[in-house]
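Undergrad: Take this structure first; my questions come after.
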Amino acid sequence: MKRKSVSIIGVPMDLGQTRRGVDMGPSAIRYAGVKECLVKLGYSVYDEGNIKVEIQERTILDQKTSLKNLTAVAEGNERLAHKVEEVISQRRFPLVLGGDHSIAIGTLAGVAKHSQNLGVIWYDAHGDLNTAETSPSGNIHGMPLAVSLGIGHPALTNIGGYAPKIKPENIVIIGARDLDTGERKLIKEKGIKVYTMHEIDRIGMTNVMKETIDYLKERTEHVHLSLDMDGLDPTEAPGVGTPVAGGISYRESHLAMEMLEESKLITSAEFVEVNPILDEKNKTGAAAVALISSLFGEKLL
Ligand SMILES: NC(=[NH2+])NCCC[C@H](N)C(=O)O
Ligand SMILES: [Mn+2]
Ligand SMILES: [Mn+2]
């Protein structure tokens, strides 16, 4: 890791989907010892606390688009974007803890303010490339990557006051195994690089990461890692709201984090979708911390 100071930003967001409990994700990851691990690795760690997210007991449907909780999701992300931007201007590494994946909208809005040519690694079972028109659910956590490309509701695409945040050729999706029809179309149309589970099985995680690193090194200046814990197999990360069988193993994920650490490419990261209510004794929270440790340079020997 290039930066020696890390700011932890919690985002107790559960309004981008409808399963309760993912708002406790930041607590679960803190409880699993994220700060202690980073301190042990020699970082100065600042826990910035949590971003304020409205508490809403019932889903509010946008009348025109059927987007769920649009206003509250947009407001939380606006605050997050602001915080991330501030952390980067203090020359600290922003480590964002979710919360559902809709928070990537705010994280990327904050990160991309400082980077014209931002790379993004989207480690996920899903593409999160839906719009109100293509979404099967109306859940905004299925849309953040499209939103960051400038595609979607203006209340979301304009967060941070500008759009788009990223370019399609600067994205690499890893672990995809559940893509909706509209998402597949967008991937083809925009030429987004995707390593599905098929490629991971076929060429192995070592080669997937080698290619990803070479690809991003060539064309980007900073790289953001957006890691959805449902990218991992649900047997190893059961505490997620939208599990999909046949995922990336815990071991492969460690390897991926270690290779990213060696590459010195990653300048911001978020770990999302940890839902302690659905988890087994904080297995998923602990897995997130283990992966964060590898990403920040923990070695066995
Ligand atoms: N970040 C996530 N876990 N996203 C899951 C999205 C699932 C589905 N594709 C949807 O749009 O609703
Ligand atoms: Mn996902
Ligand atoms: Mn996701």
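Each Cβ is built from the backbone N, Cα and C atoms, and glycine gets one as well.
TrEMBL annotations: computationally assigned, not manually curated.
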Undergrad: To which of His82, His101, His198 does TrEMBL also attribute binding of Mn(2+) 1 at the site defined by Asp128, Asp228, Asp230?
TA: His101
Undergrad: Round to the nearest Å and give the CA-to-CA distance linking Asp228 (Mn(2+) 1 binding site) with Asp124 (Mn(2+) 2 binding site).
TA: 5
Undergrad: Relative to the mean position of the Cβ atoms of His101, Asp128, Asp228, Asp230, the recorded Mn(2+) 1 site, which additional same-chain residues have Cβ within 8 Å?
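TA: Once His101, Asp128, Asp228, Asp230 are set aside, the remaining close residues are Asp100, Trp122, Asp124, Ala125, His126, His141, Ser226, Gly231, Thr242, Val272, Glu273.
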Undergrad: If I take the alpha carbons of Asp124 (Mn(2+) 2 binding site) and His101 (Mn(2+) 1 binding site), what is the distance between them in whole Å?
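TA: With distance taken Cα to Cα, His101 (Mn(2+) 1 binding site) is 10 Å from Asp124 (Mn(2+) 2 binding site).
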Undergrad: How big is the gap, in Å, between the Cα of Asp230 (Mn(2+) 1 binding site) and that of His126 (Mn(2+) 2 binding site), rounded to a whole number?
TA: 8
Undergrad: Once near-sequence residues are set aside, which residues in the chain of Asp128 (Mn(2+) 1 binding site), 6 or more away, have Cβ atoms under 8 Å from its Cβ?
TA: His101, Ala104, Trp122, His141, Gly142, Met143, Pro144, Leu145, Ala146, Asp228
